[in-house]
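Q: When I checked Swiss-Prot for this same protein, it listed these features:
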- 94-224: domain 'N-acetyltransferase' (DOMAIN)
- LEU168, ALA169, GLY170, ARG171, GLY172, ALA173, GLY174, ASN201, ARG207: acetyl-CoA binding site (BINDING)
- TYR208: active site, proton donor (ACT_SITE)
Amino acid sequence: MPVRASIEPLTWENAFFGVNSAIVRITSEAPLLTPDALAPWSRVQAKIAASNTGELDALQQLGFSLVEGEVDLALPVNNVSDSGAVVAQETDIPALRQLASAAFAQSRFRAPWYAPDASGRFYAQWIENAVRGTFDHQCLILRAASGDIRGYVSLRELNATDARIGLLAGRGAGAELMQTALNWAYARGKTTLRVATQMGNTAALKRYIQSGANVESTAYWLYR
């Protein structure tokens, strides 16, 4: 099947990664997607519903490769017990950057599509931005008795009813971090907490489902 899509430059990513990339937005009103239209870009991304096999086949015929599967989940917000988390401060940024860089080294920004250090740098910047309140609105952390950070979660208000987890990581701290996220959303009057993760991250999927989340959608990321 032919694919109709607009092509939009990924301005922030291009500046951050030093690449010339764009994303296709599939819509019936857009022109036909052709190799000539894709040629000016060194990297083109596409995100499609996993159930849409027609688009998947058509994009692969245009030279796109499957990079990653994504699962989006949602859970109802309830008032749960306090986890003891605190708001991260700017003095926590160096440690958080190091932790996020290591935890998220194998995202869709990995080699060979991007530089070997690109994924780590991207998520280090993400968690720093969360501490500063840009993009994600806040970062909360759990501390060990030593004072070291043993877990962190970044969160963002989407609208009057929904909040979304950005990054969540901490070995053995998943349940506490979910408590933290639910408390944060509850305090802001939200009714739904959303989170996305890689299809292959079964540990995260189990944690979210154990915390009450249901799968809302699945998608594939493809690159050319």
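Every residue, even glycine, has its Cβ placed from backbone N, Cα and C.
Model, not experiment: these values are computed from the prediction.
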Q: What is the set of residues, excluding LEU168, ALA169, GLY170, ARG171, GLY172, ALA173, GLY174, ASN201, ARG207, whose C-beta falls within 8 angstroms of the centroid of the C-beta atoms at the acetyl-CoA site?
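A: Sorted by sequence, the hits are GLY151, LEU177, ALA203, ALA204.
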Q: Which whole-number value in Å describes the distance between the Cα atoms of GLY174 (acetyl-CoA binding site) and TYR208 (active site, proton donor)?
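A: That comes out at 9 Å between the alpha carbons.
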Q: Provide the three-state DSSP residue tally for the domain 'N-acetyltransferase' (94-224): helix first, then strand, then coil.
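A: DSSP classes over the domain 'N-acetyltransferase' (94-224) add up to 48 helix, 40 strand, 43 coil.
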Q: Which residues of the same chain, at least 6 positions away in sequence, have a Cβ lying under 8 Å from the Cβ of ARG207 (acetyl-CoA binding site)?
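A: GLY174, ALA175, MET178 - these are the non-local Cβ neighbours of ARG207 (acetyl-CoA binding site), listed in sequence order.
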Q: Highest Cβ count within 10 Å among the binding-site residues GLY172, GLY174: which residue is it?
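A: Top count of Cβ atoms within 10 Å goes to GLY174.
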Q: Please report the Cα separation of TYR208 (active site, proton donor) and GLY172 (acetyl-CoA binding site) in Å, rounded to an integer.
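A: Distance between the two Cα atoms comes out at 14 Å.
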Q: Over all shown protein chains, what is the count of other CB atoms within 10 A of the CB belonging to GLY170 (acetyl-CoA binding site)?
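A: The answer is 18.
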Q: Tell me the Cβ neighbour count for LEU168 (acetyl-CoA binding site), meaning other Cβ atoms within 10 Å of its Cβ, over all protein chains shown.
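A: LEU168 (acetyl-CoA binding site): 23 neighbouring Cβ atoms within 10 Å.
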